[in-house]
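The block underneath contains the structure these notes are about, expressed in structure tokens.
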Amino acid sequence: MQKKYVVALDQGTTSSRAIVFDHDANIVSVSQREFTQLYPNPGWVEHDPMEIWASQSSVLIESLARAGIHSDEVAAIGITNQRETTIIWEKDTGKPVYNAIVWQCRRSSEICEQLKAQGLEDYVRENTGLLLDPYFSGTKIKWILDNVPDARAKAKRGELLFGTVDTWLLWKLTEGKVHVTDPTNAARTLLFNIHSLSWDTKLLEALDIPAAMLPEVKPSCSVYGTTRIAGEGSEIPLAGIAGDQQAALFGQLCVEPGMAKNTYGTGCFLLMNTGNKAVRSSHGLLTTVAVGAQGEVNYALEGSVFMGGATIQWLRDELGLIRDASDTEYFASKVADTNGVYLVPAFVGLGAPYWDPNARGALFGLTRGANRNHIIRAALESIAYQSKDLLDAMIKDSGERLKSLKVDGGAVANDFLMQFQADITDVEVLRPSVCETTALGAAFLAGLAVGFWTSVTELKYKACIDKHFKPNIDASQRERLYAGWQDAVARTRS
């Protein structure tokens, strides 16, 4: 049968999805299944690894059935995944020794403090590009080995395997034949030296993690093994892996230095490609691994906005100013500006480039003439201002000129927000026709690995732009608006 399709497995924090793409990068079918979130203690977040696998394998089968596609028509399967989430299982039985500890989980905070006390903070920053934080996998591994009965002894005997979610899915899809990850996921473990592109012996020793547990690291654009869907049909190559944010960067074809993307979700995730240069940030950004045009390792700067879409949820759920997130564009467009109102949504503190956990949200500039429309507009503008804060930090750190800003995520449907983002950053904002860029990135990597597509040049004709948003205000207005934002932020921190 002719190979007509590539399937992307998109394993996220709350659901598992499978998306089928044709040769023109059009979506043919989507299947999605949510799974259980476990909160055994305050600040702890877990998933059942077997439920992750069951949900992901079922949507893979379902996505083909919905489209009426035979598995023999599938050229390759790519994987993208929630990063940092940690799974440890028995090599012989494939049975997890504990639930998956999710990236959001804070239980290993004390281990991070111990590493800081050992003077490892700067070493971690220099060699992994990360901060010493329970967000990343390394301290989660140590917690499992320290707290699950007999786990450390088994690990030292070579009986246990570790993997992030990509590795777990590969292991299951190949029936235990392949124990592999890619550099984008390895770089989020706190154990991977992003310069030598190898596991860091000093950090493994500091956390007392046996190297034999760790997966082999192979390029993001590779064939790792094969699988049969539901045990039927021919073997399908498993080819192409990237963590979710790096997959979105590749799906947007940000493969050259200075190219950046912003994913607008509950928060916002911004990544800028810095080419073959691992830039150490002086603004609190992370240095991480990305994927280049030939599938080679590139580097990127990464920063996140804590309150993106969550700010709009606050307008809806706590203030009752809107019924639906889509209402914000209508109300914001009813006024010419915010009437001097600024909202700083520091509800959980401020992230990069401020890193101020004590800052709190505030509304500034309220007068008797301020109304609902002004507050809603200020909320939307706050998302763009926070994104500009990060983009400016990336430009200063990298020395790269921002060529354009590629965007994806739910909020990109809001034309007002996209236009204001272009205005305040003074750069063209590009919204793709296919906003499923995370899955598209995994599909592109898989398709390139097996020759379904020949090059990134060919992909540029597949990744179409839906709309260009060009800056539409003058420099003096931009400077005045942003100065007002900076003043508001400063006052939330005093």
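Quick reminder: no glycine exception, Cβ is built from N, Cα and C everywhere.
Worth saying up front: this structure is predicted, and the values here are computed from it rather than measured.
Sequence annotations record features per position, and here Swiss-Prot assigns ADP binding site to Thr13, Arg17, Thr266, Gly309, Gly410, Asn414. Sequence annotations record features per position, and here Swiss-Prot assigns sn-glycerol 3-phosphate binding site to Thr13, Arg83, Glu84, Tyr135, Asp244. According to Swiss-Prot, the ATP binding site annotation covers Thr13, Thr14, Ser15, Thr266, Gly309, Gln313, Gly410, on the basis of sequence analysis. Residues or ranges marked as glycerol binding site by Swiss-Prot on the basis of sequence analysis: Arg83, Glu84, Tyr135, Asp244, Gln245.
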Whole-number Å value for how far Gln313 (ATP binding site) lies from Asp244 (sn-glycerol 3-phosphate binding site) (Cα to Cα): 23
Neighbouring C-beta atoms (10 Å sphere around the C-beta of Gln245 (glycerol binding site)): 23
Other same-chain residues whose Cβ falls within 8 Å of the Cβ centroid of Thr13, Arg83, Glu84, Tyr135, Asp244, the recorded sn-glycerol 3-phosphate site, in sequence order: Gln82, Thr85, Val102, Trp103, Arg188, Gly243
Rounded to the nearest Å - Cα separation of Arg17 (ADP binding site) and Arg83 (sn-glycerol 3-phosphate binding site): 15
Least surrounded among the binding-site residues, given as Thr14, Thr266, Gln313, when other CB atoms within 10 Å are counted: Thr14
DSSP state at Arg17 (ADP binding site), helix/strand/coil: strand
Inter-residue C-alpha distance, Gly410 (ADP binding site) and Gln313 (ATP binding site) (nearest angstrom): 13
For Arg83 (sn-glycerol 3-phosphate binding site), nearby residues of its own chain (Cβ under 8 Å, 6 or more apart in sequence): Trp103, Thr164, Thr184, Asn185, Arg188, Gly243, Asp244, Gln245
Proximal residue to Tyr135 (sn-glycerol 3-phosphate binding site) among binding-site residues Thr13, Thr266, Gln313, Asn414 (C-alpha distance): Thr13
